[in-house]
Amino acid sequence: MAAYLNRTISMVTGQTGPADDDRHASSTDTVDKSGPGSPLSRFNSSLQQSGSTMAANLLPESRLYQSNDKSPLQIFVRAKKKINDIYGEIEEYVHETTTFINALHAEAEIVDKAERELFESYVYKVAAIREVLQRDHMKVAFFGRTSNGKSSVINAMLREKILPSGIGHTTNCFCQVEGSNGGEAYLMTEGSEEKLNVVNIKQLANALCQEKLCESSLVRIFWPRERCSLLRDDVVFVDSPGVDVSANLDDWIDNHCLNADVFVLVLNAESTMTRAEKQFFHTVSQKLSKPNIFILNNRWDASANEPECQESVKSQHTERCIDFLTKELKVSNEKEAAERVFFVSARETLQARIEEAKGNPPHMGAIAEGFQIRYFEFQDFERKFEECISQSAVKTKFQQHSSRGKSVSGDMKSMLDNIYERITIFRNLKQDQKNLLTERIQGTETQMMQVTREMKMKIHNMVEEVEEKVSKALNEEIWRLGVLIDEFNMPFHPERLVLNIYKKELNAHVESGLGSNLRARLSMALAMNVESAQTEMTDRMHALVPNEQLLATSTKMVVRTQPFEMLYSLNCQNLCADFQEDLEFKFSWGIAAMIQRFTGKVRERSKKGQPALVNRQSSIGHSVSTPTTTPVEATPVCLLPAPVVAGITPEQLSLISRFAVSSIGSQGTVGGLVVAGVMLKTIGWRVLVGVGALYGCIYLYERLSWTNSAKERTFKSQYVRHATKKLKMIVDLTSANCSHQVQQELSSTFARLCRTVDTATTDMNDELKTLDSQLNILEANQKQLKLLRNKANYIQNELDIFEHNYISPQ
């Protein structure tokens, strides 16, 4: 076996002559002395187990010429196609079911909002899974700190220096390397379809260049598939900026890592794992379920300078990496973690493969001693990487999607079963509802006729009561009109312009006062009576329509923003517009005043005696009139006998009085002298002078007392008589108007309630008509639910077959 190992090493180094046997033996001794935990010891153990197959895999040229048909990655390709087909059926099924559930929710409240949202969430969930499954490749993402050699590792696996690498921060954006069908390499920037020469990657992705891209931007590099077997099998490499460059790790993961199948953490073997590197993969493990992670301790060639502490450092790094994968991330067990930690030199491997491409032996690219071990370790990483993809990718990726597909179909089937049961119950409820509606409509029509008769009678009685109360209250207020007018305190002046304003304000005062007094006496009681009647109407109508929605509608129509208020339209401005005051001074004991006072009494007697006179004229007797009981001496000034006066009309009597007064006024001087002469001869001059002096004093007193106050009192007295006469004329009209307002209020309320009941009855009739159609729809829904349940069973059977063919044999 030692000879086999020496021969394999010689094939790698290019030295096969016997002169190098000592060197080969020295190399073998180095392998033996490296200890059981070293990479070469692990490689030696693997060699002894796998024999010549392992030796063939160690040859760098062998993987370049592997047949694509025999690649283990083809299992993944076939499985991916099958699971994509199944998920296409699942997506169609989920869309069909969700559309049906949404329509069912709109037609009848069988499905609640939470269930409907859950069905809709399956649409997005399946679409997200399909988006991952429909990729044409597997993605491998490389992460690590700045200048740890991520780009160098990808270049070594691609066997050419494609990505920028070197000292310092080299990769400033995400670079995605994927296979192209053509023989030329090109690149495309994010948001552009222009194909650029791959040489320009140094100008687009290098941080040292003036024209640099954003850290989260993506540059896609298309490399010929035939130049790398991994690209030929649709594997994509993603190079990233250093995790310590930007704090936007969540954006990086969301934009570039959610669909990654394998993550490679590239560490610097000269230092320990940093918090930034750990934090990034902690975030990845939170967003992805158990990601596949490989850890490469790069730049291990630096350990050749300190061979005495090489093993202790390696053991320390290995232990920390295993603890990170098992205890912190919990993505693998210790055995799997130990198989995913490697110590390599990417730069050295890249140089060796470049020399190999030139036809030179690989060892010409060696940087330090121990090249063979590091080179074998890198080959071991590539082999384990392919095995992980071919053996684990299908299981870790598709098994989860298969289980989720079963879970989706199973959950939907269970929910559909529950909905089917609820529809059955709902159908029974609909049938019972139909029977209840029929009975309710018949009872409503009968009770509606009875309530209408009772409410009409109640409105009629209330209207009569209101008319009587308003008439009585208004008459009482008219009787107290003098008190109301005395309360008016506006300054009075007999000037015509001022007097017109005074009358206008007095009319407004009377109208306001009467209205206020009537409202104080009647409005509260009337409003309470009206509200009580409306409440009774509403309660009676609500008893006819117990539906909550109709009750709310009728209540909204009846409720007023303000209580009912009676409007008393007196309109004193127009009513007393014909009032004409008489503010001229009149001596109360003057001849004209005496005549007017006498004629006034005569008018009163004539008004009282006029009906008797009419009766006497209409009686059969007509011949002789009965003598008057009033003696002639009671009216010495009147020149006509009482029977004649009793037969004179008021218009004729007024004309006679005016003529007498005017005659006396025109002949006052002569008449006065005649009367004075007669009285002088009859009673003597002393008595006449005394009476004249007394008469003059009385006249002078009344004349001096005729002030604005006296004029105002006279004006108000005249206004009271005039307003009382006018207001009594509208008592019946006002009371009728108020009763009409009450009638309108109650009638409109009852009419609205009747319309509400009629609407409810119409709705119930319409509901009866729609119940049969709803029952037919429910039957159709039950048939559709059965069909959807059968489709769910079919999908579960398809997933069982997929697991048996692709997941169980693995």
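Cβ from N, Cα, C; glycine included.
The GTP binding site feature in Swiss-Prot is assigned to SER147, ASN148, GLY149, LYS150, SER151, SER152, ASN298, ARG299, TRP300, ASP301, SER345. The feature coiled coil is assigned by Swiss-Prot to 427-476, 759-806. Residues or ranges marked as domain 'Dynamin-type G' by Swiss-Prot: 134-382. Marked as phosphothreonine by Swiss-Prot on the basis of experimental evidence: THR8, THR553, THR555. Per Swiss-Prot, the feature phosphoserine maps to SER38, SER554; the stated evidence is experimental evidence. Per Swiss-Prot, topological domain 'Cytoplasmic' is recorded for 1-637, 690-810, and the stated evidence type is sequence analysis. Taken from Swiss-Prot, the feature transmembrane segment covers 638-648, 669-689, and the record attributes it to sequence analysis.
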Rounded mean pLDDT within the topological domain 'Cytoplasmic' (690-810) lands at 83
Per DSSP, the topological domain 'Cytoplasmic' (690-810) contains 115 helix, 0 strand, 6 coil
Largest C-alpha distance in Å for the GTP site residues SER147, ASN148, GLY149, LYS150, SER151, SER152, ASN298, ARG299, TRP300, ASP301, SER345, as a whole number, is 17
If you rank the binding-site residues SER147, SER151, ASN298, SER345 by how many other Cβ atoms lie within 10 Å of their Cβ, the lowest count goes to SER147
What DSSP gives for SER345 (GTP binding site), in three states, is coil
DSSP says TRP300 (GTP binding site), in three-state terms, is helix
